[in-house]
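As structure tokens, the structure follows; a few thoughts come after it.
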Amino acid sequence: MPRQTTAYIDLEALRNNYRTACARAGSAAAMAVVKADGYGHGIAQVALALADVAPKYAVACIEEAEAIRAAGISQPVVLLQGVHACDDLGDCERRHFEPVLHSEHQLDWLARFERSGDFPRFWLKINTGMNRLGFRPDDLHAVMARLEKLGADSRLLGFVSHFACADDSNSPMTATQTTTFEAATSSWPELMRSVGNSAAHFIPGQPLFDWSRPGIMLYGGSPIIGKTGPELGLEPVMSLEAPLITTRVVKAGETVGYGGAWIADQDTPMGMVAVGYGDGYPRHAGTGTPAAIGGRRIRLIGRVSMDMLAVDLSDAPAARAGDSVELWGRTVGVDEVASCAGTISYELLTGITRRVPRNYLKHLA
Ligand SMILES: *Cc1c(COP(=O)(O)O)cnc(C)c1O
């Protein structure tokens with residue numbers, strides 16, 4: 001029998017979070033961001049669970065878009081990183097993938113592209129201050145002239161930009177980027193516009209234009225510094241659970257785990273849980289990081305090992321081997337664990353390794 005360590009995925013919660021994104025997007029439509037294997041939840045299952053409500057998906061790269069097609073889904077898929085080779089343009093056209101072109105060399109590929117059909121539909125990325133990808137606003141007229149010369153302008157869907165600091169409601173950067181984006185694109189009112197990751201859905205008065213791009217909020221993680229997903233009205237989607245495999249009392253003065261990093265100051269009931277950094281549980285989560293057993297909160301003690309970690313059972317004296325421990329889920333939020341580990345829910349969710357089976361809970365009407 002396999003160990004019971006499992007990531008339970010609540011697809012109804014995912015659908016509710018998508019509905020929340022739509023409600024918060026106002027008149028913008030929401031493309032469901034399902035990159036990185038659906039933020040670790042399984043791209044095919046996540047995409048299928050949203051297939052009757054999401055008009056469009058967004059992924060990072062073409063392999064991820066192919067995974068959506070392999071699941072039998074026909075909606076357009078935006079490639080947020082564009083294409084990585086000229087040849088991919090033909091596949092984009094045939095498969096209804098919409099690359100976001102961000103660099104001059106990708107326009108060269110459009111020029112070189114030996115077409116059997118049309119150009120793919122595509123977007124242009126505008127660099128409004130994130131400074132990762134995109135054309136500068138000042139260069140946009142020249143870029144548009146080049147597209148016209150290539151005869152590709154009729155396939156341009158619109159403009160995309162990305163916020164650097166939308167998670168921080170005190171930052172003036174989002175407003176500055178929005179203004180820059182509006183000004184840069186105002187000469188082409190007939191084209192569509194998309195800014196706005198999850199965080200932007202929670203900024204009062206933030207324009208989202210035609211398409212928003214919610215990612216982490218679909219999975220119940222918080223996009224806002226200092227708030228948890230549930231505090232923002234989001235439902236946890238993944239519940240990471242693992243069994244207690246032994247319990248014992250650690251005597252006062254004894255240590256637990258590698259480096260003897262935790263020392264019992266009194267006799268302490270403890271349990272070993274069959275999950276570790278080999279499963280994607282963060283090794284940086286130290287003593288005091290919350291977990292739960294039977295709906296009761298407990299805490300980690302000592303260092304996380306590759307295949308197991310230790311918990312203090314003082315607050316769950318009835319716990320015994322075989323009982324299931326929630327590492328994150330409905331009782332302990334993934335945002336809480338992330339903050340104890342010095343990271344964000346995105347990294348924890350996408351970091352769950354292949355060793356952990358995903359088990360899909362589906363109570364769809
Ligand atoms: C990943 C990504 C998103 C989604 O971001 P979240 O913070 O997860 O909502 C949106 N747009 C772009 C360009 C992205 O790369």
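A Cβ is built for glycine as well, from the same backbone N, Cα and C atoms used for every other residue.
Remember, TrEMBL labels are computer predictions, not curated facts.
According to TrEMBL, the features are:
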{"type": "ACT_SITE", "residues": "LYS35", "note": "active site, proton acceptor"}
{"type": "MOD_RES", "residues": "LYS35", "note": "N6-(pyridoxal phosphate)lysine"}
{"type": "BINDING", "residues": "ARG132, MET306", "note": "substrate binding site"}
{"type": "DOMAIN", "residues": "237-361", "note": "domain 'Alanine racemase C-terminal'"}
{"type": "ACT_SITE", "residues": "TYR258", "note": "active site, proton acceptor"}
Relative to the Cα of LYS35 (active site, proton acceptor), which of the recorded positions ARG132, TYR258, MET306 have a Cα no more than 10 Å away?
none
Nonlocal neighbours by CB distance (under 8 Å) for TYR258 (active site, proton acceptor), same chain, sequence gap 6 or more:
GLY302, ARG303, SER305
Run through the domain 'Alanine racemase C-terminal' (237-361) and tell me, per DSSP, how many residues are helix, strand and coil.
20 helix, 46 strand, 59 coil
Among the recorded positions listed here, LYS35, ARG132, whose Cβ has the fewest other Cβ atoms inside 10 Å?
ARG132
Take the Cβ of MET306 (substrate binding site) and count every other Cβ within 10 Å, whichever protein chain it belongs to.
13
Tell me whether ARG132 (substrate binding site) sits in a helix, a strand or coil according to DSSP.
coil
Mean predicted confidence [pLDDT] for the domain 'Alanine racemase C-terminal' (237-361):
97
